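Feature list (source: TrEMBL):
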type: ACT_SITE; residues: CYS293; note: active site, nucleophile
type: ACT_SITE; residues: HIS377; note: active site
type: ACT_SITE; residues: GLU379; note: active site
type: BINDING; residues: SER61, GLY264, GLY266, LEU294, GLN297, ASN335, GLY337, PHE338; note: L-glutamine binding site
type: DOMAIN; residues: 17-151; note: domain 'Carbamoyl-phosphate synthase small subunit N-terminal'
type: REGION; residues: 1-215; note: region 'CPSase'
Amino acid sequence: MAHEQGAAAGGWDEARPTARLLLADGTVIEGDGLGAVGASAGELCFNTAMTGYQEILTDPSYAGQIITFTFPHVGNVGVNEDDVETVNTAASSGVRGVVLAADVTSPSSWRATRDLDHWLKARNIVAIAGVDTRALTALVREKGMPNAVIAHAPDGRFDDAAIKATLDAFKGLEGQDLVPLVGASQRYGWDESGWTWPGGAQPGAYGARPEGAPKRVVAIDYGLKRNILRMLTAAGCEVTVVPATATAEEILALDPDGVFLSNGPGDPAATGEYAVPVIRAVLEKKVPTFGICLGHQMLALAVGASTAKMRQGHHGANHPVKDLSTGKVEITSMNHGFAVDRDTLPASARETHVSLFDGTNCGIELTDRPAFSVQHHPEASPGPQDSHYLFHRFVELMDDRRR
Ligand SMILES: NC(=O)CC[C@H](N)C(=O)O
């Protein structure tokens, strides 16, 4: 923001700021543009993780959001082909913009295949650097996550009316079902090499499964992260991914040992309108069910609880969560802006995890069905691995049912 407005009336002016961040309350912050050129609107949140910017930027749950990184140096290790969480490559990453403190330097890592600036351009993500992200974060903490727009104009000339129109056209995340933007549209199988094939497991193809055979998991894709698939596979599951619009009949015809409800973007209540009946039908059949983040919110909605918008949300890789069954505290990775309202949980849902930052609900377990879910991201990508045990808990539930 150390820019002087350029005096020259025409042509390129080095002194002009090349990007602007406009908040809904009219605040304008100037900086250096990078990534895609143009204007892009979303809800502005902040993420406190010190590592894993590429996984964060490819997490489909960020659809409709602009991420402010509180860690000042982002981009130093460039980007690579591996640290990508998006599975559905046909869809965009979802993230609507990036706000950085320091300008991005040349990548310094043997793993880098590209620099962040060009990668953001290729993914059509607009970004602004040179911003006082501490002040911006303080503002979000105080006032909540505002709607915002980032405009990047390399010549420093901005169309104020167009920027304002972009901001006004963004209606905020409440009431928005963003799953269709990022979720799979076809059923597919996935294996640990990252290979996908259309269709996945075919109904009845395996017949009776012997003791010790991999658990057949059907994952409902609301905006699934790749590392969840890796973790499920590593825990001994064979995963078939189905679109969020798959019917309960389609899912149950695959004869799953377990159903997984994925993370995903947007307002859970909006997605719940079509997801809840499907989840209820799965629960009715007592199929072991595990949900993460949006999947957690979906499970809660399916048993009649409600979700509410949070003021600043939880986005980071150091969030302490208490497992109420064991008393243990796990440090977790988080990315959510809505939370399950514990006061609306029915008697058949027991609260299992709470956030030690603000006491919000972070997990439930049903007492009359083999189903549980957590608000945080046990796949830890990026983030600590304390919650990996939850994948084994899911496998144990499936083992119990087979017995
Ligand atoms: N990571 C997620 O699944 C996010 C869930 C939901 N979109 C929220 O913001 O609360």
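Every residue gets a Cβ built from N, Cα and C, even glycine.
Unlike curated records, TrEMBL annotations are generated automatically.
Worth saying up front: this structure is predicted, and the values here are computed from it rather than measured.
Neighbour counts of Cβ atoms within 10 Å were compared for the recorded positions CYS293, LEU294, and the top value is held by LEU294. Checking each of the active-site residues (CYS293, HIS377, GLU379) against GLY264 (L-glutamine binding site), the C-alpha distance stays within 10 Å for CYS293. When the C-alpha distances from GLY266 (L-glutamine binding site) to the active-site residues CYS293, HIS377, GLU379 are tabulated, the minimum falls on CYS293. Around SER61 (L-glutamine binding site), the same-chain residues at least 6 positions away in sequence with a Cβ under 8 Å from its Cβ are GLY94, GLY223, LYS225, ASN263, GLY264, PRO265, CYS293, LEU294, ASN335, HIS336. Sorting the binding-site residues GLY264, GLY266, GLY337 by the number of other Cβ atoms within 10 Å puts GLY264 first.
In sequence order, GLY223, ASN263, PRO265, ASP267, PRO268, CYS293, HIS336 are the residues of the same chain, not among SER61, GLY264, GLY266, LEU294, GLN297, ASN335, GLY337, PHE338, whose CB sits within 8 A of the CB centroid for the L-glutamine site. Residue environment of HIS377 (active site) contains 25 other Cβ atoms, counted within 10 Å of its Cβ in all protein chains.
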